[in-house]
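Peer 1: This is the structure, below, for whatever I ask next.
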């Protein structure tokens, strides 16, 4: 008996990926609408045009296979086979038809909310083979990166520009940055970074499987943004010149860095420092769909031996002796938003990870991700790298004076760690202080409990002593680069007896990561007399003629006062880092559609009365095509004069944009400014 086998599978002739509709619906249209880019756990539609026959509900069939990576496997979750269902199931790979019977089929496809991200091939039946890119979906409740606040999503996923805080904890300085995650080609570079990581090169199947997990992806990015162990993006450099590359101070955004890495055969881009590493990591995370923000920790401790203590040494003049353990004036890292099913409940949310190469973790220069709450609660056994991050915000600081005979003695010091932990506010350029997310209030019972859990014995044993002599450093509000100004050491005698002391008051250039430079001014008073309850204010003049050739592009000067009590032999140290102000940049918009801007920078009042060559550089997401517009002034500019330039450009998208303006005046000063502008049609 012969049986006829009827094939009810759809006979597909051609198809339309409906890229404009799908990309807009999935909030990926800023990447372009020339190819299909969708987010996981959310349906997208494809129009299928049949060669023969028509779609019949309950009768027609279609075999679908979605694959990612070079070794797709159902075991690894990088291959999924599924057919037509009556309706879409957003919890797994599924397909359903949304059109009535006919020769055109509106096919809905939905990926699993935990599917690996990356490039996919989707095979439909025997003849249709399409390609698309799948990203994390923070709008999907089933995705591990789900965030349920639209304002936060607009800030931490969709915003292409932002603010990174630098300067000093008593003088935070906002630095504009163009993340540019939707600029042309950037998403491809981000996927290439994942494909160049050593784990992929060793076992691509397992690595692609790991890309379902934002914890895994964040850890890979932490290693790949620096180049210490791999073909990573950035080469870090914190001392010496920047020959053969670009000073970290000169970068205005991530786009040029990522494109340079891509076009230079994955050779590291020279050079980066912490805020550059963090900003590039933020761009990549947002491009892949993970909510991300850059965080600045002022007075950030670098603990090399995991004992939660920073030991500092000074000589008998109060000058610092360089060591591996130090306190950075500030340090930047990033936070990614995700769940942590691998940990105890209640540790979901922001996870800190750090792409700046400082210490190795599991044999690789990477750090995190670690729940921010784990740092606050002192949970140092949680993955990953909790002790290092805990020390950055909580380490104790002990200072010793090292004498000429080699002996050392402990010095009373007011050193602080982990101050004004900052990030950009949602929807504005204001600074949001998030210290409370990392630390309990100082001296609180909760803080002591966290220290007990972390076995932070130094902090627990530390007792406040009512010192008889009090020493601190005060400054004026007007400390501009190019000017002379005074700083002050203030000594107060809180005892009932007269005091005779020696005061050494010095200053030196400082880089933001704690490395000391040349002397900027020094004073040694051998006989400082103080009556009971008395106070002495000692000035130190900082002359531009001396500090101008010493300070780095960080504009930082370290002030240190060392007080020796002749009666008791006790030594007290006060340290304060100051940041010199650069001139202000003003940006004016000349038309409603913003095709021309005028920007100016006042050079300031340097003691050297000479004219300098100046240059303006401007960059903006979807304004300058991911490139940089540079305009040199036709004639040199003198002290106190306005430097002005007009620049024309063609916006590619409407909406709110941030123009990042860079003003460079022949190394006297280098400053960034910005302005938010509305681009209309």
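Every residue gets a Cβ built from N, Cα and C, even glycine.
A TrEMBL annotation is a machine prediction, not a hand-curated record.
Reproduced below are the annotations present in TrEMBL:
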DOMAIN    266-357  domain 'Transglutaminase-like'
ACT_SITE  274  active site
ACT_SITE  331  active site
ACT_SITE  354  active site
BINDING   394, 396, 442, 447  Ca(2+) binding site
Peer 1: State the Cα to Cα distance, in Å, between residue 274 (active site) and residue 331 (active site), rounded to an integer.
Peer 2: 6
Peer 1: What is the one among the recorded positions 354, 396, 442, 447 whose Cβ has the most other Cβ atoms less than or equal to 10 Å away?
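Peer 2: Most Cβ neighbours within 10 Å: 354.
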Peer 1: Please count the residues of the domain 'Transglutaminase-like' (266-357) that DSSP assigns to helix (H, G, I), strand (E, B) and coil.
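Peer 2: Taking the domain 'Transglutaminase-like' (266-357) as a whole: 15 helix, 41 strand, 36 coil.
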Peer 1: Roughly how many angstrom lie between the C-alpha atoms of residue 331 (active site) and residue 354 (active site)?
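Peer 2: So the Cα of residue 354 (active site) lies 10 Å away from that of residue 331 (active site).
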Peer 1: Could you tell me which of these recorded positions, 274, 331, 394, has the fewest other Cβ atoms within 10 Å of its Cβ?
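Peer 2: Checked 274, 331, 394; of these recorded positions, fewest Cβ neighbours within 10 Å: 394.
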Peer 1: On a C-alpha basis, identify the one among 396, 442, 447 that is nearest to residue 354 (active site); the candidates are the binding-site residues.
Peer 2: 396
